[in-house]
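> Okay, so TrEMBL annotates it like this:
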type     : residues : note
TRANSMEM : 25-46    : transmembrane segment
TRANSMEM : 72-92    : transmembrane segment
TRANSMEM : 104-126  : transmembrane segment
TRANSMEM : 132-155  : transmembrane segment
TRANSMEM : 176-202  : transmembrane segment
TRANSMEM : 214-232  : transmembrane segment
TRANSMEM : 298-316  : transmembrane segment
TRANSMEM : 369-389  : transmembrane segment
TRANSMEM : 409-430  : transmembrane segment
Amino acid sequence: TWYHYSICSTIQCCPSGNNSTVTRLIYAFFLLLGVGIACIMLMPGMEEQLKKIPGFCVEGHVNCDVLVGYKAVYRVCFGMAMFFLLFSLLMVKVKSSQDPRAAVHNGFWFFKFAAATAITVGAFFIPEGAFTTVWFYIGMAGAFCFILIQLVLLIDFAHSWNESWVEKMEEGNSRCWYAALLSATTINYILSLVSLVMFYVYYTHTDGCTENKAFITVNMLLCVGASVMSILPQIQESQPRSGLLQSSIVTLYTMYLTWSAMTNEPDRKCNPSLLGIIGLNNTTPAGKDHPVVQWWDAQGIVGLVLFLMCVLYSSIRNSSNTQVNKLTLTSDESALIEDGPHPENFDVEDGENRAVDNEKDGVTYSYSFFHFMLFLASLYIMMTLTNWYSPDSSYETMTSKWPSVWVKISSSWICIALYVWTLAAPLVLVNRDFD
């Protein structure tokens, strides 16, 4: 279509393929570009450059060496978040590519890039006031929601993975595929068990760290319960494709969330750094009451990797899992049939096939929800890159606080509850079709 190539035809960089997939990948690139810029803001030496922005950080009132990188990440992510939130509102109830708003969604990339850049640059001139504090709590809420979306995508991935291997197992060479399925499940559970042991060893003490002991024990019992539930005869009868592979992935993800929550505990005795655990680093230099701010830590890097995987997967996914499709507001299988290439939908330019408009009869995903998910992803990456830290009352250093811990640990409980619900729903709502 003409609007998809208004810019692509000039720069000759847009890939061929389905319009729905190409568009999502380009938006994912927008987001990842913003993430890269936010990472640069935390690099050593950047604070001197950021201090040159008029009024961005006033020495004497705050410790600019500590705060400028933090504030810059918040501004960059604010710009990304507002861009995607604006498009989320603009794309409400778009039903097909025939809607004029679909032209804006699927094209005009140069102008959208310029708009996103302008919003982000403008964010650096927002007066401090209560902005950082308010945006911190908005970021926590958005990151909490994105953690749940990550779980939905992980369940979808596990379901597709399990279904693919089971089909191959039924087609032939069943022993080989059964061994592969069993090995993947076993590896996930072994990693979870190793994590559990390390949590008890390094994040608890006999005379303290009561909260950590409770978090680890409760989540361990919940994961065991969910795993047992997934192979109950009643569950298997209603959902033959459910099994321990999905449970093992949910268990491993829950262990990650538990670890992530404990790394935000204010008490450093119950929250050693990974480098400190292996004896390479001491985060509290002599003569200082507060630990040095260390933006790049192990759980942040793991969180960044998970984020990248989920964003890319959500951009290319074409799931047959009806329950997950309902949670992500993706159209049902009847609409997804149109996702294959049809000759009459190809756009031909200079003898080359370009992207296929495969949404003339109906969109294959919710435009509005996709942008809202990227809005939440922007908030999640903001919190992840800054380790969920916030300034202390004197704005002299960055500290970790209990609200961050409770947001993360409660998200792990809701994640398990969501997974259990996907197992139990067909038994509870007997009149609904979950095929």
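Every residue gets a Cβ built from N, Cα and C, even glycine.
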> For the transmembrane segment (214-232) and the transmembrane segment (409-430), decide whether they are in contact, meaning at least 3 CB pairs lie under 8 A, counting pairs 6 or more apart in sequence.
yes
> Spell out yes or no: are there three or more C-beta pairs under 8 angstroms between the transmembrane segment (104-126) and the transmembrane segment (25-46), with each pair 6 or more apart in sequence?
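Per Cβ check, the transmembrane segment (104-126) touches the transmembrane segment (25-46).
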> Is the transmembrane segment (369-389) packed against any residues at least 6 beyond its ends, judged by a Cβ distance under 8 Å, and which are they?
24, 27-28, 31, 34-35, 38-39, 42, 70, 73-74, 77-78, 80-81, 84-85, 87-88, 91, 138-143, 145-147, 149, 263-264, 293-295, 297, 300, 303-304, 307, 310-311, 314, 328-329, 398-400, 404, 407-408
> Taking residues 6+ outside the transmembrane segment (25-46), which of them lie with a CB under 8 Å of any CB in it?
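Contacts of the transmembrane segment (25-46) (Cβ under 8 Å, skipping residues fewer than 6 from its ends): 14-15, 68-69, 72-73, 76-77, 79-80, 83-84, 109, 112-113, 116, 120, 295-296, 304, 307-308, 311-312, 314-316, 370-371, 374, 377-378, 381-382, 385.
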